[in-house]
């Protein structure tokens, strides 16, 4: 009954969607929450009907609106598959009904517990008949969805196709559990085996319509911005999911590059529209830029909100990789257990465990490659977003922010001070005016003393003011000197350090899940010694954290030295002609070399700490657990083999 429940939920969701899109509901909603109209401009991807002449021209235009001939062919094939499955379900229901309620009693058949059809009154359905009837109704609903997907507008076709794919996959999963899972066991049997060939025909049809067609069908190009669609979409946006998993969409460009000596830029695929800078800005700036409406918080949370879908997929790939990595050890363990006990008590056939040795690494490789694909795409987008964010914020910085406060103080003091020559002239003039009634010698002596005293006071005052200005200028320069260097490092080294943290899921998800799974399986084999190994890991856990803290502090000092060096180099390049003119090459070279030497010292410390971090994280747990399994439990010939098979 699970497919019937899924079909009912799908029908309810579609009806609710239709009600919400109806004009009365829209009108009522607009009255409750009045919003500004944002009508999109018509584009090449609008769903307006195009005027064509002739049936074939109209059919061609309709197919093009659905994504092309190949996509429409897969949709139509899925619709045919739904009709075939409906026919098979009806045939099964009719045969089931005849077997449950035959007309009259056939004594020669030897069948028992068969009801005889009475002359009057309805016959109640048995549980098996109700299940077949529900399956027929579900198949009929799937056929209706398939018909809608190939006859309506692209918008409704995409919506209905998602419901149909979910419903078909649910039906295939139910049939796989009822009739395919028992085939790989020793004691179970398919529950619908009495249907005979109809059962396997339905399984094949469901496998094609729910697994093969969705994986092999190309995807329809849907522009990120319908007002600015791409004329030629990137192959990544239209390739099938199977092609995405196997990277076969890269084969044409690889073969083309192999045949020619040089592949020009014009021959490369165009940039996907979801990687355009304007689309990246529109998506990310509301979560990162305070001037675009973002809250003032750590940039990590803004990036996580921007890439919430990507990191959800990466988390699933991490968990899938853990499961795939444990598939081979578990398969070997179960296979050896089967050989050791000569098949007694086995539930699953041994060829299943042998297949795990093959499919486990393949599944792990696919999960890892998809994680790398998502992480690399996130890396490139983050570099573009943060670079644009830094440069736009740099344009908002006023020029006076780069000027130290000492310049303002110097200007004010210069405006009110008096030069020494003016002081001397003023003093001598005053002394000459006062010497009219005095003798000439006394006048000259008094004037000389006045001039020397005034000059000494002014000289001391100027030296003191110059010292104060120098101190204030040095303090202000410490905060404004490296502004250009900081901006350059933000979009280079600091940006690299930020993007290097994209793999934090290894710490918060991959390692905990793997440790829990490994401890669980090791406990099944080694007993309590598995928890001893876990205790050793917990005791040594703070050591990498302490080393990481040291690395962080050293890297902080290293970045400060890098900022100073980059600032010096930038200033040198700005006044390179002046340096050449005055012959300051040796002096500038010495200054840059000194800053570089200090930076190299901190770089050396960083490398030493990174090496120490790698040393303390050496995987010694297998050795410890092997010792505990030997001394702490009864020796088992397969224990150590299972421990080291990772």
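Note: Cβ is positioned from N, Cα and C throughout, glycine not excepted.
Unlike curated entries, TrEMBL annotations are predicted automatically.
Marked as compositional bias 'Basic and acidic residues' by TrEMBL: 462-472.
Residues or ranges marked as domain 'ABC transmembrane type-1' in TrEMBL: 317-617.
Residues or ranges marked as region 'Disordered' by TrEMBL: 404-480.
Marked as transmembrane segment by TrEMBL: 6-22 (among others).
Here TrEMBL flags 76-95 (among others) as transmembrane segment.
According to TrEMBL, the feature transmembrane segment maps to 130-148 (among others). Same-chain neighbours of the transmembrane segment (130-148): 1, 3-4, 6-7, 10-11, 75, 78-79, 81-83, 85-86, 89-90, 92-93, 96-97, 156-157, 160, 163-164, 167-168, 171, counting only residues six or more beyond its ends whose CB sits under 8 Å from a CB of the stretch.
What TrEMBL records for 160-177 (among others) is transmembrane segment.
The transmembrane segment annotation in TrEMBL covers 197-216 (among others).
Residues of the same chain lying 6 or more positions beyond the ends of the transmembrane segment (311-332) and with a Cβ under 8 Å from any Cβ of it are 304, 353-357, 359-361, 363-364, 367-368, 370-371, 374-375, 378, 505-506, 509-510, 513-514, 517-518, 521, 641-642, 645-646. What TrEMBL lists as transmembrane segment is 311-332 (among others).
Annotated transmembrane segment per TrEMBL: 352-373 (among others), in sequence order.
What TrEMBL lists as transmembrane segment is 504-525 (among others).
Summarising the annotation, TrEMBL assigns transmembrane segment to 531-551 (among others).
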Legend entry - Chain residues in Cβ proximity to the transmembrane segment (160-177) (below 8 Å; excluding those fewer than six residues from its ends, i.e. six or more beyond): 2-3, 6-7, 10, 13-14, 75, 78, 82, 135, 138, 141-142, 145-146, 148-149, 152, 192, 202-203, 206-207, 209-211, 214
